[in-house]
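If you check TrEMBL, you get these features:
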BINDING   7, 385  Mg(2+) binding site
BINDING   14, 208, 209, 210, 211, 212, 284, 285, 286, 332, 333, 334, 335, 336  ATP binding site
BINDING   91  substrate binding site
ACT_SITE  148  active site, proton donor/acceptor
SITE      180  site 'Transition state stabilizer'
SITE      241  site 'Transition state stabilizer'
Ligand code: ADP
């Protein structure tokens with residue numbers, strides 16, 4: 001069965017068509033600047049040329065129409081008609097406490113997702129727009145919602161509660177939810193599979209290091225803690241997000257710089273992280289790695305602070321699980337930056353970690369980068385959130 005995987009943002013829409021039998025991507029692409037002047041669709045059929053077309057997309061329905069047109073196009077399409085798309089899997093950012101697993105999309109499910117809008121005001125409304133656009137154009141095709149938060153719903157209360165007045169939890173459901181769940185689930189399972197060990201027997205720490213970044217602790221096949229919180233701002237230092245800070249810093253900056261809460265949130269979300277810490281040099285680790293190797297002081301400070309924070313989270317999750325068997329690196333930085341992996345692992349002597357630098361410099365493989373005598377196994381596992389969404393979708397519509 002072919003599964004269309006949709007990841008819909010407020011002005012962009014990423015898609016992949018995946019053949020669930022071979023688990024291969026048949027075509028993929030992105031619509032950008034939806035509702036803004038200069039919108040364009042990029043479409044790449046597997047093994048074919050990438051095509052970029054600038055064309056008006058006043059709304060998401062038009063974007064989905066163009067995606068379906070590209071997929072069925074006589075010349076460059078990969079299917080003959082929409083009948084060859086068996087189901088659609090939608091990535092949904094926030095499922096609150098309502099969704100601990102993926103689910104077939106019904107009117108009630110749409111309502112429940114809408115009720116989580118407050119928790120993810122930038123993402124959930126956009127996800128819903130994507131669902132509605134698909135429903136309009138493919139009314140008979142089953143659709144599945146796959147939540148970024150679902151995998152983390154197994155966290156115990158002690159891991160998800162904040163030290164805040166309890167009434168905020170009761171009134172507003174303020175607690176840790178965590179994100180990137182599809183990736184943490186996929187990578188931790190894959191690590192067990194590659195090691196040929198039972199998932200339920202392992203203590204695994206997954207470091208998902210992309211533009212957004214989070215760490216999770218997966219004990220006996222269940223998530224027991226994760227570094228992102230109510231929102232994706234908490235935890236690691238990220239591309240442009242601050243991660244953990246003393247909350248009183250916000251008041252301090254507000255007074256010193258005359259900023260209101262919205263302006264401060266913009267600083268924390270868009271101007272901080274490795275971008276801010278590197279004195280606005282770059283949020284991209286390719287630039288930071290170059291600078292580090294050249295001896296640039298901003299890049300050295302940024303790289304060291306970033307890696308120290310990752311190591312600190314790993315240490316705390318060793319405590320949370322009373323041990324660790326496997327540490328996995330994944331996502332853009334986790335998969336592609338050997339320097340980051342090396343610097344993080346330099347802090348992990350207490351776990352008996354020893355890294356094989358040849359293996360650490362390989363790319364694109366599911367591979368152990370620790371030496372055979374390393375007491376803890378360290379791995380690189382490329383993530384594949386789209387495939388994970390397609391698998392969930394198939395399992396529910398079959
Ligand atoms: P997201 O999905 O959160 O947008 P990704 O997982 O795609 O992010 O990660 C993007 C980041 O990965 C880039 O910003 C860059 O910092 C890093 N990255 C990608 N390729 C490389 C590379 N070859 N070397 C170092 N870092 C890389």
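Using the three backbone atoms N, Cα and C, a Cβ is placed for every residue, glycine included.
Any TrEMBL annotation is an automated prediction that lacks curation.
Residue density at the residue listed as 'substrate binding site': 22 other Cβ atoms are found within 10 A of its Cβ, drawing on all protein chains shown. Of all the recorded positions listed here (148, 284, 335, 385), it is 284 whose C-beta has the fewest other C-beta atoms within 10 angstroms. Within 10 Å of residue 180 (site 'Transition state stabilizer'), counting CA to CA, the recorded positions 14, 148, 211, 286, 333, 385 contribute 148, 385. Most buried of the recorded positions 14, 180, 241, 286, judged by other Cβ atoms within 10 Å, is 180.
All chains included, 22 other C-beta atoms sit within 10 angstroms of the C-beta of residue 7 (Mg(2+) binding site).
A simple way to gauge crowding: the CB of residue 333 (ATP binding site) has 27 other CB atoms within 10 angstroms, across all the protein chains here. Residue pair residue 241 (site 'Transition state stabilizer') / residue 7 (Mg(2+) binding site) shows a Cα separation of 21 Å. The closest partner of the residue listed as 'substrate binding site' among the binding-site residues, by CA position, is 385; the full candidate set was 284, 333, 385. Ligand 1 lies within reach of none of the recorded positions 7, 14, 91, 148, 241, 335, judged by a C-beta closer than 6 angstroms to any of its atoms.
In space, 385 is the closest of the recorded positions 7, 148, 385 to residue 333 (ATP binding site), judged by Cα positions.
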